[in-house]
Ligand SMILES: Nc1nc(=O)c2c([nH]1)NC[C@@H]1CN(c3ccc(C(=O)N[C@@H](CCC(=O)O)C(=O)O)cc3)CN21
Ligand SMILES: CC(C)C(=O)C(=O)O
Ligand SMILES: [Mg+2]
């Protein structure tokens, strides 16, 4: 009769049956029905559990862990060995969401074979359900190789942070009409190579609208206007955990930094003043 408490890390549901995992065909159905959806990044257990419980259907273990977990200034330095344990934690913690692992800079550009070996590591060692990689024409053979080999691929066009030095910084892409035309062509090529979705980062809303209308697979916008099939934000941005200047495309839905600031100050004060621990915390 006594209830055994769920062990730490077992998730909120305890003995509840595992809900059905979101599958890629479902994302196509949502597009056909005109239903929009949200994606968030996640890099660890509690964020993954919370977003999964909230019904976010796709979680991205972004290479943005580089500058949101590992303390780097950009996404360039993060390695496969650093991302795999984070992806594993998210896969273990999300019961329903599809978990996509972002392939970091240098782990797929050399050849389709390199892209496959890196993706196989994310799938075998972390249990990732799909991978994401950046770029258009240069990565089409890699996308085709992955898809032929059973690896679902999410594309990423527009501003591609791994190329920030080549692109000359954080800038909107596809503003000129020839660049917009190339973006639509690249998106079609990425789809035709087999990608199941395409992230569009920092592109004019009208261009993202055209890509969204052209593609059969869903577009996922970040700074790409309201017409995409889905939207993605980095979780430390949307939750206000990160402080400092935010890109214009971020909407802050909470202010976790100030919540934790106050909590840390209160804890420190209680310890200094001797009011923590109290009798109720002591044995
Ligand atoms: N926390 C975080 N959020 C992100 O959205 C994000 C990352 N990290 N790391 C990887 C990339 C880098 N990205 C970024 C980073 C900065 C800007 C930025 O500063 N944008 C400014 C300037 C735009 C301009 O000059 O045109 C903005 O106001 O949007 C944009 C995208 C998006 N990704
Ligand atoms: C912002 C998303 C699309 C991303 O690539 C990342 O978080 O690394
Ligand atoms: Mg990324």
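Each Cβ is built from the backbone N, Cα and C atoms, and glycine gets one as well.
Pulled from TrEMBL, these are the features on record:
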| type | residues | note |
| --- | --- | --- |
| ACT_SITE | 201 | active site, proton acceptor |
| BINDING | 63, 102, 134 | Mg(2+) binding site |
| BINDING | 63, 64, 102, 132 | 3-methyl-2-oxobutanoate binding site |
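In this structure, 63, 64 are the binding-site residues from 63, 64, 134 whose C-beta falls under 6 Å of some atom of ligand 2.
Counting only same-chain residues at least 6 apart in sequence, those with a Cβ under 8 Å from the Cβ of residue 64 (3-methyl-2-oxobutanoate binding site) are 41, 75, 102, 161, 234.
A coil conformation is recorded for residue 64 (3-methyl-2-oxobutanoate binding site) in the three-state DSSP classification, outside any helix or strand. Taking the C-alpha positions, the distance from residue 201 (active site, proton acceptor) to residue 63 (Mg(2+) binding site) comes to 14 Å. Less than 6 Å separates the Cβ from ligand 3 in the case of 64, drawn from the recorded positions 64, 132, 134, 201 in sequence order. Proximity to ligand 1 (Cβ under 6 Å from any of its atoms) holds for these binding-site residues out of 63, 64, 102, 132, 134: 64.
The Cβ of residue 132 (3-methyl-2-oxobutanoate binding site) lies under 8 Å from the Cβ of 60, 100, 101, 102, 103, 153, 154, 155, 156, 199, each of these being in the same chain and 6 or more residues away along the sequence.
Sorting the binding-site residues 102, 134 by the number of other Cβ atoms within 10 Å puts 102 first.
Summary for the recorded positions 63, 201: the Cβ-based neighbour count within 10 Å is maximal at 63. Report note: the Mg(2+) site is defined by 63, 102, 134, and the residues of the same chain whose CB lies within 8 Å of the CB centroid of those residues, excluding them, are 62, 64, 75, 103, 104, 105, 132, 133, 156, 161, 162.
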